[in-house]
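As recorded in Swiss-Prot, the features of this protein are as follows:
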| type | residues | note |
| --- | --- | --- |
| ACT_SITE | Asp8 | active site, nucleophile |
| ACT_SITE | Asp10 | active site, proton donor |
| BINDING | Asp8, Asp10, Asp184 | Mg(2+) binding site |
Amino acid sequence: MKNLAIFDLDNTLINTDSDHAWPQYLIKKGLVDAAETEAQNEKFYRDYQNGCLDIDAFLKFHLAPLARYSKEELAEFHREFMAEYIIPHISPMQRMLVQSHQMAGDETLVISSTNEFIITPVCHLFGITNIIGTQLETGSDGRYTGNYIGTPSLKEGKITRLNQWLAERGETLQSYGKTYFYSDSKNDLPLLRLVSEPVAVNPDAELEKEAKEKGWPVLNFK
């Protein structure tokens, strides 16, 4: 029976938060108002860390710049972003973790609250093609509208989106032998409690506390 290995992305497979880093890249490029974007970015990041993020307000802020450029321009920006802000924050151990599951024949999947535009090329670095992120709306002109569609994959939303993905494949979690989920954040406790093999990676204080209480493995890649 095949196993399913699910990974969070930010601060789990990469030692940074791509959602937080993207506005920093836009500021550096001079593509957004620096002071306003920095203030908003830091506020939303604190809220996320504290488990009280207003996902609608955050996505309105975070997705607006995507609507200003063509997908070709955004792809070029993303290549620069990856080289400067993402690749330097991936350790050999994180790559080896994914490879160990791939070599064992496990199905691998990333579920992230970060949007698909940002996470898809990052997941491809790990050879992961099953990717669930917050979905973006595309207009009739082929550009992103700045809106999202469906359920954002945050907190319980990760379970909703996982179940949708499984249903599309004619599966449930019970279709797999072991189900792993690797995450750093207390925001992911709903899904961590659902799988058979929860693993805390670079955990925040609340997740580390629960992991120790329940005997979950704890990995540190930072």
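Backbone N, Cα and C define each Cβ position, glycine as well.
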For the residue listed as 'active site, proton donor', which DSSP three-state class applies?
strand
For Asp184 (Mg(2+) binding site), just count the other CB atoms lying within 10 A of its CB, please.
25
Is it possible to get the count of other C-beta atoms within 10 angstroms of the C-beta of the residue listed as 'active site, nucleophile'?
25
So if I measure Cβ to Cβ from Asp10 (active site, proton donor) and keep only same-chain residues at least 6 apart in sequence, which ones fall under 8 Å?
Thr16, Asp17, Ser18, Asp19, His20, Ser112, Thr114, Asp184
Cβ within 8 angstroms of the Cβ centroid of Asp8, Asp10, Asp184: which residues besides those meet this for the Mg(2+) site?
Leu9, Asn11, Thr12, Leu13, Asp17, Ser112, Ser183, Ser185, Asp188, Val201, Asn202
